[in-house]
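S.K.: What Swiss-Prot shows for this protein is this:
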type	residues	note
MOD_RES	Ala2	N-acetylalanine
MOD_RES	Ser94	phosphoserine
COILED	138-222	coiled coil
Amino acid sequence: MAGTGLVAGEVVVDALPYFDQGYEAPGVREAAAALVEEETRRYRPTKNYLSYLTAPDYSAFETDIMRNEFERLAARQPIELLSMKRYELPAPSSGQKNDITAWQECVNNSMAQLEHQAVRIENLELMSQHGCNAWKVYNENLVHMIEHAQKELQKLRKHIQDLNWQRKNMQLTAGSKLREMESNWVSLVSKNYEIERTIVQLENEIYQIKQQHGEANKENIRQDF
């Protein structure tokens, strides 16, 4: 329920879910759903109700490779197979048996393949020597990250629990005050009713006494004459 003395956009929520009762009573859920349905019928957003927002840039994080893949998928083209030509050692064709340039290219290709394999062997040797320790360090870092994340999670859960307890205590305290004030209001209303009824009775008695005195005065005057 919105307050009348609030700044535009501010809302005061007067619900006390930890204190209020009767949510499971028959018809309550249907009444709430009817209120929601009524509000949704009143809210008619226009087609450009998000016009105040900047236009989204869906391609902000796209790379050329991603863009090419999206275009390939849109065109329903098959993915290109991995080329294994660089790992082959073809000899010069029959027409190039006496071509020195062709043979030089084959030799260069063989040297590149050999160097590539040598680098792979060196990488395997380095991995065999240092890979185990590097993997252990990596796992230790992961463990520390998990422990830190779990501690943060526990802090958040405790904060949420404390907040819920605080909300519950505040609502129960407010509910008790409201119940006490309601009881006082009922008592005051009852007392006011009793006072008003007593006043009416006294006014009637005063009126009757005045009438009796008036009739007695008339009777005395009549007797005097």
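These residue numbers are counts, starting from 1, taken along the chain as shown.
Using N, Cα and C of the backbone, Cβ positions are placed for all residues, glycine too.
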S.K.: Give me the mean pLDDT over the coiled coil (138-222), rounded to a whole number.
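M.R.: Within the coiled coil (138-222), the model's average pLDDT equals 91.
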S.K.: Looking only at Cβ atoms, how many others are within 10 Å of the one on the residue listed as 'phosphoserine'?
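M.R.: I get 6 for this one.
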S.K.: Looking only at DSSP and grouping its letters into three states, which state does the residue listed as 'phosphoserine' belong to?
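M.R.: Going by the DSSP assignment, the residue listed as 'phosphoserine' falls within a helical segment, counted as helix.
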